[in-house]
Amino acid sequence: MRAPGSGRLALPLLLLAVVALAEGDAKGLKEGETPGNFMEDEQWLSSISQYSGKIKHWNRFRDEVEDDYIKSWEDNQQGDEALDTTKDPCQKVKCSRHKVCVAQGYQRAMCISRKKLEHRIKQPSLKLHGGKDSVCKPCHMAQLASVCGSDGHTYSSVCKLEQQACLSSKQLAVRCEGPCPCPTEQSTASTTDSKSETCTGQDLADLGDRLRDWFQLLRENSKQNGSANSATNPAGLDKSLGASCKDSIGWMFSKLDTSGDLFLDQTELAAINLDKYEVCIRPFFNSCDTYKDGRVSTAEWCFCFWREKPPCLAELERTQIQEAAKKKPGVFIPSCDEDGYYRKMQCDQSRGDCWCVDQLGLELTGTRMHGTPDCDDIVGFSGDFGSGVGWEDEEEKETEEAGEEAEEEEGEAGEADDGGYIW
């Protein structure tokens, strides 16, 4: 027999079951795949949603490596939760239609294309799951330092670059530290462009005149602005500068010589920033450095702009211009002193010959030899610019010696008379 009132209880229970079933379907619809356009899936939404959880916009070109970095970052933020090694990390990961979820360790999961997966399965040495033998090693937050890869892309760390190389089966290397493009690429391109420009002999000859006119213009502008007398020249500058160098050329030297040592080094010469307009500016100043010591003295600076240069410096400039124009190796290069005149000894490095000259460069007969002649004994300098061999006249020498002997005899006779002999 049926208990009384059982039919009344069955109807409410049936209704409750129907309502629960409907709620379960609705919940399953929310948690499962969204019906309709598959592009509305969470996996295609931009990674901005992974930071805020609210802002979401369409972005089908997501970086797999960067997504992996974000997931690892979220996993690290959940450090309070105990690590559950029984759960598969791919349970909550949804991949696109042509990709498969692959677990790496207990907390990491990545979406890899089916073709790459099949390619890795064919290679027995590779393992898909994390471990000591895993090729695609995990990356940690402590290793973040952006680098530029050989493929032209910027990676958040070297580990990310190696991981991308592992995933894409490509050979990638670090081109430089920091984001792309590398600074060396830009500097190399500019250096190549500057080296492509060649300076002819006429260019070097005309550049000195243009610089002199430019210095004169700068000095006139400085006078008008009242700053010409603000910077006084060093005490030794006026003494070291020649008479023809105390105009705009000497004024420019005092402006450039910030150290006050009466020399212009490469840093001080770099203040004349005309490389963009004068491609021969550096070769010109290199030709001024006759000593090749990396700096330009006051004399070298003045001689660079002299219309009439001393003989040795003039020949040196002609030789350098010929080398720049024709590029002839083995050309004799004269050795000049600080005043622009020839040194006593000149040597041809290509032949190994050395000889003695005067200050005007005239070779003294019989002094050329293999080795180093003693030009100090051969050449006698008199005055500032005169030179010549110390020839002696034997007849005059004998006459002078005879006169000296007669004077000595007379002196001895006088001393004898003082003795007081009585005849």
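Each residue, glycine too, has its Cβ placed from N, Cα and C.
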Determine, on the basis of Swiss-Prot, the cysteine among Cys101, Cys111, Cys136, Cys199 paired with Cys166 in a disulphide. Cys136
With Cys354 as one half of a disulfide in Swiss-Prot, pick the other half from Cys336, Cys347. Cys347
Pick out which of Cys288, Cys302, Cys304, Cys336 Swiss-Prot lists as the disulfide partner of Cys312. Cys336
For the disulfide-bonded residues listed (Cys139, Cys356, Cys375), most other Cβ atoms within 10 Å of the Cβ sits at Cys356
If you count the other Cβ atoms within 10 Å of each Cβ, which of the disulfide-bonded residues Cys336, Cys354 comes out on top? Cys336
Between Cys375 (disulfide bond) and Cys180 (disulfide bond), how many Å separate their Cα atoms? 62
Tally every other Cβ atom lying within 10 Å of the Cβ atom of Cys159 (disulfide bond). 19
